[in-house]
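Notes to accompany the following structure.
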Amino acid sequence: MPGAMRQSTSNLELLTIYEVSKILGSSLDLQQTLREVLRALAYQLQMHRGRVYLVGEDNVLRLVAANGLSNEAAAQIEFRDGEGITGRILKTGMPAVVPNLAEEPLFLNRTGGREDLDEQVASLVGVPIKAAGVVVGVLTIDRISDEGPQGHFGSDVRFLTMVANLIGQTVRLHRTVAEERRFMMRETFRMQKELRPVAAPINDVVCTSPNMLEVMAQVHRVAPFKSTVLIRGESGTGKELIARAIHNMSPRKDAPFIRVNCAALPESLLESELFGHEKGAFTGAQKDHKGRFELASGGTLFLDEIGDISPNFQAKLLRVLQEQEFERVGGSKTIKTDVRLICATNLNLEEAVGHGKFRADLYFRINVVTIHLPPLRERRQDIGPLARHFVAKFAKDNGMALVMEDEALEVLNRCTWPGNVRELENCIERAATQSRDGIIRTESLSCSLNLCNSSVLFQYRTLGASVGGLAPSMGPGAINRVPPGRPGGPAAANAPKTPAMPAPVPEPAGAAAARGRPARRVVPRPLAGLRRRPAGGSGPPDPACPCPSRAPLPPQAPPPSPAAAPPPAAEVPLDEPESGSLRDRLLWAMERTGWVQAKAARLLGMTTRQVSYALRKYNIEIKRF
């Protein structure tokens with residue numbers, strides 16, 4: 001080669017290297033960058049049909065950029081280690097030159113495009129692409145000649161090796177950035193997952209107490225999966241709200257959320273509602289009806305109060321849960337379904353299984369992930385935020401300004417709330433309707449209106465009785481426990497014979513003797529809503545008075561003389577001391593009313609200020625719950 005021509009070629013190669021370096025640093029799109037490099041090689045140095053292959057994570061060499069091929073066609077081309085000329089370059093890590101591709105048996109021609117050469121001769125030059133001494137790909141180009149194969153390709157090999165080194169550094173940089181980005185995304189996801197329990201409340205779930213925050217953390221953990229969830233808790237704790245939160249945070253959030261209250265439907269109707277029925281299956285079935293399992297396919301089915309379904313229907317439900325298929329009532333066609341099941345109950349299922357009222361196999365089928373919702377009395381930190389939430393909700397729904405005094409909130413904090421959050425919401429709504437100037441004060445609350453029997457209901461339930469649909473305590477002690485007043489229950493023999501009254505809450509055995517007082521007659525105090533007799537204790541109930549009056553206690557009878565016969569015991573509410581110091585009576589009243597001074601004052605016929613003064617005088621510490 002003449003010296004002038006060699007100098008011209010060297011200058012052109014230097015200019016091309018400069019252009020390639022600019023291209024490699026101009027874009028973050030690796031494929032687009034490599035295609036621009038191949039175009040520059042073809043334009044500047046007539047290096048045609050440039051190809052860049054990169055090794056994937058599976059060690060397969062894939063075509064990522066090709067001059068003259070579409071992205072779709074290039075994506076289909078790959079080579080194994082040692083396969084063809086390109087695979088051999090990958091395996092050996094050494095350049096390869098093929099002077100005449102038409103005479104090379106190892107040439108596979110997978111990329112095509114050389115059929116129109118006629119009398120021209122195509123030569124191939126390929127070099128490995130290395131990064132940090134490791135082969136990460138292959139760069140190949142074609143040389144087209146009209147005069148037969150060229151005899152010397154040394155300058156092309158040296159030049160392409162420099163280009164391949166630049167490409168290798170760029171590939172390494174892109175892969176490092178991509179790996180760091182994936183790592184940062186994983187770390188971000190992990191940190192978000194850990195911080196979710198203290199994130200913003202889910203929908204209307206208002207909570208700040210540690211035990212409810214743990215429930216929320218459990219909701220976040222279980223939501224992404226299809227596992228069956230059993231939500232347990234007393235009535236009014238918000239089981240449906242938690243079920244909706246699980247659905248809304250799951251991959252099924254855009255699919256239906258179907259709720260069925262199993263306790264509200266008889267067995268025959270429940271089967272039709274869940275499985276559907278065919279036309280003519282029974283009287284009144286005038287058309288085909290899709291069941292809830294069919295409607296909820298792809299979404300979530302929430303079975304509320306599942307502990308109340310009959311043992312007969314439990315067997316039918318078990319088959320659907322096991323096989324995810326069912327038949328409509330009156331039909332024979334098997335229907336497949338794909339539902340995420342969430343169940344809820346306020347009953348002690350373990351006790352029901354032990355008594356044969358709930359199938360053990362169904363219990364184990366639904367008891368996969370269990371979420372226990374604490375009662376409101378065990379999450380008192382939430383009473384204030386919940387009360388303010390319900391006040392704001394009532395104000396918004398009714399288009400008014402409404403606030404609550406701190407003193408009223410303090411009264412709410414001392415209540416036992418056997419009806420839990422639902423009872424609190426009702427209490428706020430009732431108090432809001434009684435407020436005249438948009439301020440909920442203490443006198444607006446049910447306690448001041450003598451309409452609250454929370455403490456009485458709480459004592460009934462904790463002793464094992466079922467009052468007004470409120471389930472007994474679900475703790476281990478609830479199993480095989482006999483409620484008071486029933487045969488075998490505590491103090492059953494001494495229970496007073498008072499018809500048309502709720503069963504009294506008995507005093508624990510030995511409690512009277514421990515206080516140094518003789519036992520006395522006990523008369524239950526009527527619950528709110530029961531009609532009371534007029535003053536004097538005789539005559540029919542007064543239908544116009546639905547709640548107990550705020551009457552003072554009966555006067556204390558003077559002590560009888562030793563010779564006189566003892567007078568009949570005075571009828572006092574529950575086990576109020578008939579005699580003794582004011583301190584004893586004050587302690588009794590505070591214990592009976594959950595340490596709410598306003599209630600204790602009404603029970604003793606005193607004012608709230610008198611009760612507060614007496615508590616300070618006798619140095620009685622107020623219990624906080």
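Even glycines carry a Cβ here, placed using N, Cα and C.
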Given ranges 157-176, 397-416, 457-476, 597-616, the stretch to which Swiss-Prot attaches the annotation DNA-binding region: 597-616
Range annotated as region 'C-terminal DNA-binding domain' - as stated in Swiss-Prot, picked from 24-66, 583-625: 583-625
Of the binding-site residues listed as Gly233, Gly236, Ser297, Thr300, Leu303, the one whose CA lies nearest the CA of Cys447 (divalent metal cation binding site): Gly236
Other C-beta atoms that fall within 10 angstroms of the C-beta of Leu303 (ATP binding site): 24
Cβ-Cβ distance under 8 Å to Thr300 (ATP binding site), same chain, at least six residues away: Ala243, Ile246, His247, Ser250, Arg252, Ala255, Pro256, Phe257, Ile258, Val339, Arg340, Leu341, Ile342
For Lys239 (ATP binding site): intrachain residues, at least 6 apart, with Cβ closer than 8 Å: Ile231, Arg232, Gly233, Asp304, Ala344, Asn346, Leu373
Candidates Gly233, Gly236, Ser297, Cys447: member of the binding-site residues with the richest Cβ shell (10 Å): Cys447
DSSP three-state assignment for Lys239 (ATP binding site): helix
For the domain 'GAF' (29-171), the mean pLDDT of the predicted model: 85
